[in-house]
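What follows is a short report on a single structure.
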């Protein structure tokens, strides 16, 4: 039954899933995502959005948040929480010009509570702490420099990721162009964004959403374009992945992987992280048809009764991978060919300079946790702005929360490097362990956080560095370490060799068994333990790894081979077993 027939009870392929959730009512009654957002903007009594609009602003790229550090104190003073919004920009492939950067730097400085720019695992930037009177200004500022935030949140296709530094080869450039095409093709067609935020003309006549449908998707949907052997975008964290296949340096098509995703719910074993399934190879000319077919199949078959089981990964496990694949073939008018050979060998960013095929140079800057701010002794935000004032190329935000200064002519290299060093953007002493560690935002702004992540990680990494040194591991050795403040998985801990998932303040679930190239899900090793206990466990395990490992064996592979943790092969069967 089509998702757009709005039945009171959802039935898919003869299976009754149950009554539609209230989120489906909300979307159906929203007048194509307009709701009463405009009226809420005029309400100065509260700093927040009310009722359905609290959810609807997500489709416009925003989440309502507050400062949890001061929530209790404001409550004592009989004040409402300090409501504000976080905005996530739509930047397919993560490319931003120096002109655009200077504009977002200025807005962050003048109109946000925290003054920072946050690079994210979705290869874009976020503003945190934008108060209601500044929201419309924010959208209009972004629009004036060619940026929007349409569909970076909500039940739609989110920001499309692409392997970083697409000018490094002709293949990269072609793949980036496809990331942009896919993003545009799957974008909502409603005029609500322009009408509300950009004072666009209200055009009479019905809106139509030919791909997403009038109720949009059952849940968020994430898409990537990845260029092997580099898996920087973590394909298995995403619903739909196009793995670039090249011949003689030219892109000829994609292997299509469907059904990845990392979010879960503590205590609910019907939720689990899952690897994507390989559907097969398609030629380039079928890319947009296949993208639309996967999205529309999930639109019609995804669970609209239970949002915890609404993502594509659960649809595949419910109806069967082959059944889903056959429906995609039918809708796209193709037959998947056998997948072409490829291999992932790495996923971290190459910090420092690399030279492109065009003779220009690219400098990847390590930005710890993606937070660009002027820290004591490390004025990172000022430094990037100073580079933007003289840089002739562009910037590339990476899915590892770092920043690439791309397209630097040889004669500009010394000046760019000097600016980077003067502002703490280059640190020759940063360890491989720190470079390969990552956290989501969590406290104080994320309302879903159960434990610290971004503020916790730097000191925790220092402790892990000490453990590696204690066991005489070489300096270039590292463990893929990720921390996420809740089980929703923004920090992609469920593809790490060591993954920490927040359970309560100061407590985490410890997961082991992922691998370095991001193709294995880690399994829970210890539940609800403190950071001190986690470090004790890591110390013991690293000691064994240092003395027992095979030549070149990564930590995650060692934990599987040594029987410390069982391998997750089929998530539905193995993750909780």
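Cβ coordinates are placed from backbone N, Cα and C, and glycine is handled just like the others.
According to Swiss-Prot:
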BINDING   440, 446, 486, 490  [4Fe-4S] cluster binding site
BINDING   490  siroheme binding site
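Shown here: features listed in Swiss-Prot, placed on the structure.
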| residue | record | CB count, 10 Å |
| --- | --- | --- |
| 440 | [4Fe-4S] cluster binding site | 27 |
| 446 | [4Fe-4S] cluster binding site | 21 |
| 486 | [4Fe-4S] cluster binding site | 23 |
| 490 | [4Fe-4S] cluster binding site | 24 |
What are the other residues, in sequence order, whose C-beta lies within 8 angstroms of the center of the C-beta atoms of 440, 446, 486, 490 at the [4Fe-4S] cluster site? 441, 442, 448, 449, 453, 484, 485, 488, 489, 491, 502
Give the three-state DSSP assignment (helix, strand or coil) for residue 490 ([4Fe-4S] cluster binding site). coil
